[in-house]
Amino acid sequence: MGEVVRMHFTTVDYVIFVLLLVASASIGLFYAFSGGRQRTTQEFFLADRSMSCLPVSLSLLATFQSAVAILGAPSEVYSFGTQYWFLGCSYFLGLLIPAHVFIPVFYRLRLSSAYEYLELRFNKTVRICGTVTFIFQMVIYMGVVLYAPALALNAVTGFDLWGAVLAMGLVCTLYTALGGLKAVIWTDVFQTVVMFAGQLAVIVVGASQAGGIAEVWRKAVNGSRIAGLDLNPDPLQRHTFWTLGVGGVFLMLALYGVNQAQVQRYLSSRSEKEAVMSCYVVFPCQQIVLCLGCLMGLVMFARYGEESPLDKGYVKTNDQMVLYFVMDVFRDLPGLPGLFVACLFSGALSTISSSFNSLATVTMEDLIKPHFPNMAEGRATLLSKGLALAYGLVCLAMAYIASIMGSVLQAAFSIFGMVGGPLLGLFCLGMFFPWANSIGAVIGLVAGLAMAFWVGIGSFVMRMSSSTTEPLLNTTALPLFGNMTSTVLTSIVSTATAKPRPTGVEALYSLSYMWYSAHNSTTVVVVGLLVSLLTGPMKEKELTPGTVFPVLGTLLFFLPKRYREKLCCITPLAQKHKETNAAPYQMTKKDNNGAAYCKEDMVIEEKETESDKAQTEDEDIRTPSGQLMAHVVQETAF
């Protein structure tokens, strides 16, 4: 085994890295001193609900395309082949369901935070539980996602570790705290372009040096790296069509369906139609990202074959191997290594800035505003900026903690994934099962988290104890969720292939990480429903209108109406708000339940109220209330 080989950057490479930071900071400053100048919480958190489809869709893509994902996918394909590409099959349902289920519910309720929904559907306790769980998830993760790529880069190139961490952390905090969501979205757009450019440069130059794309393909075929369709239904198999194509749907839903960072982008769209379209635009972009990662892995294999830099001891981990490959390919091309570093840290910046903004949003909307409902708008906005700044400093503190955690760094990564599934289950419980009550929601969430941590920690301990050949610190080896996270785990080397099939609890610990989200979210739903039935299910009249998606009413259409009413299966969605693209959304008030209304909506409501009042007086209360309710339900049914 040789010593770790270091390749060094040139001045041009450092200049390109600095330009990335300057450009990102400039975008934040531009939005801090233009437009509304971030003087309201609606502008700071939701960009005045004025964003168009394209920037929102690219921001959705960038938010969970982290630096660790950029390093993880190529090393997965290099080691195991293109079976991982079948994850793309999950993108269809993983984006179609959010577009036509979650977005209509969230958007029509005029929310600022996804967790406001939980109070509307259940009660304040469930809202706080969901909010605290999300904050715990993101605070643990964001420092690690900043530190891990910087550590890998330092190990391979000698790039100053804490210089990179501090520069990125401070710049990201600056443009997030000053520019709000508009700055975050537009920097995401810029950083997405940089990510595509960096990956394309590696593929084009690497394929050219390997003899062309045809030669790359030939070597991949000869090396058994082009995988066929594996229909093995065994859930313990790490990657099959079912684990990737079906289990991956739940991973996508955990991020693109209910994660606050993504929900916030949907709510910033100027119309529900554009929010839905952003999901459709993300689909081909996700496929391109997946293909680029797979192509990078195949080009790596064409260059090194079975004798990887990791096997030769040139690097210590899989993520370092990808960086070694990039530096090797660009050895005589000054500036291009800097482009890939810009690509790498664009992934980190986009993820971290989204974390800052979403954390500030939920803290303000879910934890502070309910206790200070009469807070002045100017003071609330200033406090929101302070929260974004505070979370930036927390991120740097978490990066420092990550640096002294050693092998526990892997557990910190996996915490993100452990929490994503139960939160998905909590929202699904409320949105699809009208009879679920608040007691069932809380106990279901606790049961889901307990199951997630039990399986996740048990799997981690079993893997660490059974593997003596793997390095202690491998930042691409943990079960997380979504595009940024599923790619992270893809570099795990399966050490159990030569061992007998596990049984009992070990079988549960050996469950493919792609099923974690489905397993944990199902636990929340099943436990929540059982507890709800035992403690008294909710009735339709107790539900807040618009909080339940009428999927059961559609599926059980054949039942008589009286039975569907008992099952709460005829609850409609809220009506679509009148969408206007000419003027930005203006918030004038918020009800105690958190639902926001614009001035135009309030005027319409007042007119409708006066009209209804006059009609009621004319009829002299001749119409029973039950008939009126039935009439409303019929008109607003989805």
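Using the three backbone atoms N, Cα and C, a Cβ is placed for every residue, glycine included.
Look at TrEMBL and you will find 14-33 (among others) tagged as transmembrane segment. Long-range contacts of the transmembrane segment (14-33) within the same chain: residues 167-168, 171-172, 174-176, 178-180, 182-183, 186-187, 190-191, 194, 335, 338-339, 341-342, 345-346, 349, each at least 6 residues beyond the stretch ends and with a Cβ under 8 Å from a Cβ of the stretch.
Per TrEMBL, the feature transmembrane segment maps to 53-72 (among others).
Residues or ranges marked as transmembrane segment by TrEMBL: 84-107 (among others).
Beyond the ends of the transmembrane segment (128-149), by six or more residues, the same chain brings 66-68, 71, 113-115, 118, 165, 168-169, 260, 319, 344-345, 347-348, 351-352, 355-356, 358-359, 362-363, 366-367, 391, 394-403, 409, 412-413, 415-416, 419-420, 422-423, 426, 442, 445, 449, 475, 484 to within a C-beta distance below 8 angstroms of the stretch. For 128-149 (among others), the entry in TrEMBL reads transmembrane segment.
Remote same-chain residues near the transmembrane segment (161-181) are listed as 21, 24-25, 27-32, 38, 43-47, 146-147, 150-151, 153-154, 187, 264-265, 268, 345, 348-349, 352-353, 356-357, 385-386, 388-389, 391-393, 395-396, 399 (criterion: CB distance under 8 Å, separation of at least six residues from the stretch ends). Annotated transmembrane segment per TrEMBL: 161-181 (among others), in sequence order.
The transmembrane segment feature in TrEMBL is assigned to 193-214 (among others). Here the transmembrane segment (193-214) has long-range neighbours at 20, 62, 65, 70, 288, 292-293, 295-296, 299-300, 302-303, 325-326, 329-330, 333, 336, 339-340, 342-344, 346-347, meaning same-chain residues at least 6 beyond its ends whose C-beta is under 8 angstroms from one of its own.
The transmembrane segment annotation in TrEMBL covers 279-302 (among others). For the transmembrane segment (279-302), the residues of the chain that approach it from at least six positions outside its boundaries are 53-54, 57-58, 60-61, 65, 69-70, 73-78, 82, 84-85, 87-88, 91-92, 95-96, 98-99, 103, 196, 199-200, 202-203, 206-207, 210-211, 215-217, 219-220, 223, 225, 256, 321-322, 325, 483, 487, judged by C-beta separation under 8 angstroms.
Feature annotation from TrEMBL assigns transmembrane segment to 408-432 (among others).
If you look up TrEMBL, you'll see 439-457 (among others) marked as transmembrane segment. Within its own chain, the transmembrane segment (439-457) is flanked in space by residues 118, 122, 125-126, 129-130, 133, 411, 414-415, 417-419, 421-423, 425-426, 429-430, 479, 508-509, 511, 516, 519-521, 523-533, 535, which lie at least six positions past its ends and keep a Cβ under 8 Å from the stretch.
Marked as transmembrane segment by TrEMBL: 477-496 (among others).
Within its own chain, the transmembrane segment (508-531) has Cβ neighbours under 8 Å at 235-240, 243-244, 246-251, 253-254, 417-418, 420-422, 424-426, 428-429, 433, 435-437, 439-441, 443-445, 447-448, 451-452, 455-456, 458-459, 462, 479, 481, 486, 489, 492, 496, 502, counting only residues six or more beyond its boundaries. As annotated by TrEMBL, transmembrane segment applies to 508-531 (among others).
Here TrEMBL flags 543-559 (among others) as transmembrane segment.
If you look up TrEMBL, you'll see 606-616 marked as compositional bias 'Basic and acidic residues'.
Residues annotated as region 'Disordered' in TrEMBL: 606-626.
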